[in-house]
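Data block below; observations after.
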Amino acid sequence: MTILPKKKPPPPPDPEANGERSGSGAPDSHSRSGARPRSSPPPRWAYPGNPSSAAERHTQQVSPPPGSATSGGAGPLGDGALGSCCCCNGAGAGGCCSGPGHSKRRRQVLSAGPGATGNCPDTDDGAGNNSEDEYETAAQTQHLDPDTAEQQELCFEKTLSDKKGFIIKQMKEDGACLFRAVADQVYGDQDMHEVVRKHCMDYLMKNADYFSNYVTEDFTTYINRKRKNNCHGNHIEMQAMAEMYNRPVEVYQYGTEPINTFHGIQKNEDEPIRVSYHRNIHYNSVVNPNKATIGVGLGLPSFKPGYAEQSLMKSAIRTSEESWIEQQMLEDKKRATDWEATNEAIEEQVARESYLQWLRDQEKQARQPRKASATCSSATAAACSGLEEWSGRSPRQRSTAGSPEHPDLHAELCMKPPSPGAPLILGKPPSPCAPGPSNQMSTGADRATSPLVSLYPALECRAIMQHMSPTAFGLKDWDNDEILASVLAASQQEYLDTMKKSTLRRESSPDHS
């Protein structure tokens, strides 16, 4: 009979190995496509300028960390977590403590380690802070001189503005500064911080299987505490918001290059969310004024950053151009109207001056016929008296009066006075240069003293007046009385010519006898 050896009992299960197998096993059912690589938590950055030793920093913390371990490399929560370095306890391994990056598995292992002194339960003393990194930060905040701190802030703002062109927008210091800074760059209004916080906490709860590995306290308690509006934000929330808005989150701290960058799941060309970290307790928004970022990451279809501002600017420019064109057209119309009014005024002035000049000329011409008509009246009266004398004389006297020795008197006797009010129309007087017996017999003195010579200017003026339009004198048309007077004058002239011929015939007959 063969005796079989005793079967060795199976080795006790290693909690660390089980944890590693559970962490590296099948993918979680809650994980999404493009899942994050499971890696050890990232180390945290030590705040520069803190020369205290590891033991001193350990004694200064309000709530001691639950253990320490050397980090295995940079994780998905960024190139490095914010906060000051927390040294190892007991064994003094020379690595940096990863703070809130501790997983539950590592807490269990470290609590059972040789240098561990037991778990220190979390207290509510620092409920307003984040996880263990801000417990430490709150205890290790440097007490700088106010003047030095203000000078440092001013230098930081000036350097960032000169080299990068960025502007630091101050956020309200009420515990929600991180969410205010993100809301300012996503929504354009820091008062939307409550919406950003709610979305961030909901995202953390939906991905609790992943983010719970980087929280040192109960994850539900952590989320409930972070839902309070006065609770500070942490690098875990930054990573969640980077994935939620699919925009990188860059953190600047007294330098022109970001000290930490949190990336989303998918890489794109969207403008990152930039925040600045001040005095280890406050976040502000860092804005690029030359590039629009509001609305990026909200999932709006066909959204173009800054398109609304460009549309408003184009509309404002178009409105301004239209208003300017209308103003110029109005000015041109005003100038054209003034020019037309000036021309009309000039034309009216010229017409008025011309009319006044014409009235003066007419007045002068009217004065000259009056004098001539007075002379004509006296000459007519003399002719009438001569006719009366001629009619009262004897034939001998009449023959004597008609002799060639008195030609002027004979011409005056031949004139018959016109009817009063009727115009006197006579033929044009003979030219002085024309040959004829009358011109040879008359002298210059006789023509000057003859009443017929004085009638010539009046007759010429009257002929000119008859050829003029009646509207020049304010009349619509010539009256019939004028025409009748002209006919009567012509009849009188024929009568005088007949009398003259008969007289000459009578005078010539006695001479022949």
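Each Cβ is built from the backbone N, Cα and C atoms, and glycine gets one as well.
Among the features that Swiss-Prot reports, region 'Disordered' is placed at 1-75 (among others).
The region 'Disordered' feature in Swiss-Prot is assigned to 99-136 (among others).
The feature domain 'OTU' is assigned by Swiss-Prot to 166-289, with sequence analysis given as support.
Residues or ranges marked as region 'Cys-loop' by Swiss-Prot on the basis of similarity to another entry: 171-177. Sequence-distant contacts of the region 'Cys-loop' (171-177), counting only residues of its own chain at least 6 positions beyond either end whose CB sits under 8 Å from a CB of the stretch, comprise 128, 184, 190, 193-194, 197, 229-233, 282-285.
Residues or ranges marked as active site by Swiss-Prot on the basis of sequence analysis: D174 (among others). Counting every protein chain shown, 10 other Cβ atoms lie within 10 Å of the Cβ of D174 (active site).
The Cβ of C177 (active site, nucleophile) lies under 8 Å from the Cβ of M171, H232, G233, H282, Y283, N284, each on the same chain and at least six residues away in sequence. DSSP classifies C177 (active site, nucleophile) as helix under the three-state reduction. What Swiss-Prot records for C177 is active site, nucleophile, and it gives similarity to another entry as the kind of evidence.
According to Swiss-Prot, the feature region 'Variable-loop' maps to 226-236.
Feature annotation from Swiss-Prot assigns region 'His-loop' to 277-282; the stated evidence is similarity to another entry.
Feature annotation from Swiss-Prot assigns active site to H282 (among others). A strand conformation is recorded for H282 (active site) in the three-state DSSP classification.
Among the features that Swiss-Prot reports, region 'Disordered' is placed at 387-446 (among others).
Secondary structure counts, DSSP: the domain 'OTU' (166-289) has 53 helix, 22 strand, 49 coil.
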